[in-house]
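What follows is one structure encoded as structure tokens, with my remarks underneath.
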Amino acid sequence: MIQIGQKTIQIWLVRHGQTEGNKLQILQGQDDGQLSALGIKQAEALGKRIKKENFDVVYVSDLARTKQTFELIQKHHTKQMMPNFEPLLREKHAGQSLAMPKKLAAEQGVDIREFKPDQGESWIDVNNRAQQMLQLIIQRCSDLKQNNITVLLVTHGGFIMEFMNQINYMINKKQPVYNNCALNCSITIVKYILPKGEVKIVTQNDASHIQKL
């Protein structure tokens, strides 16, 4: 949760369900993707897990796999939510190459975070988008009357990694790392308080609701 004089914003980041591409270990980037049978079950389980949470603001990546995940969350939610489809939440653009970026970066002698494939993005670019998204959330929430605000982001593993890199830098100046580990339909919660600028990680990569699937 974030507080602006004093507002507390609780930001929930959830990753989409497993896709056919995830199942085949295919790099999807900003291709739409479709949920697999397991991914649908994961999104249903996530929806049931958070069905009673009161989300004041909802942002969803505008790619098909996140939209589909949100629809399954909404199916179980006790309230009708109004999503904002936001390109800033997209996965890292993989560019034109079908090769894995780690391999290409190593061949070119470039750090994985700095490597930018042809017509694609670097992880630094995604980190910049994460910073922009955080500022968008702050601006949006500062216009709301209530002091306790909960925001839902339905997004992608790479974006979650860079958002948390930004949060960890704000907390302890920890430099960004390449650790793309967010599980499908996992929950990460960050509390952000304004005007103090206090940031706290409440939970990270919680996938307990899908463990038995």
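Just so it is clear, glycine is given a Cβ too, placed from its N, Cα and C backbone atoms.
Residues annotated as active site, tele-phosphohistidine intermediate in TrEMBL: His16. Per TrEMBL, active site, proton donor/acceptor is recorded for Glu91. According to TrEMBL, the feature substrate binding site maps to Arg15, His16, Gly17, Gln18, Thr19, Glu20, Gly21, Asn22, Arg65, Lys102.
Thr19 (substrate binding site) sits 13 Å from Glu91 (active site, proton donor/acceptor), counting Cα to Cα. Recorded residues Gly21 (substrate binding site) and the residue listed as 'active site, proton donor/acceptor' have their alpha carbons 13 Å apart, per Cα-Cα distance. The two recorded residues, Arg15 (substrate binding site) and the residue listed as 'active site, proton donor/acceptor', show a Cα separation of 10 Å. Residues Arg15, His16, Gly17, Gln18, Thr19, Glu20, Gly21, Asn22, Arg65, Lys102 are listed as the substrate binders, and the farthest two of them sit 24 Å apart at their Cα atoms. Here the C-alpha separation of Gly17 (substrate binding site) and Glu91 (active site, proton donor/acceptor) works out to 14 Å. Spacing of Arg65 (substrate binding site) relative to His16 (active site, tele-phosphohistidine intermediate) is 6 Å (Cα to Cα, whole number). The C-beta environment of His16 (active site, tele-phosphohistidine intermediate), restricted to residues of the same chain at least 6 apart in sequence and closer than 8 Å, consists of Gly33, Leu35, Gly39, Ala43, Ser61, Arg65, Thr66, Gln68, Thr69, Val154, Thr155, His156, Asn184, Cys185.
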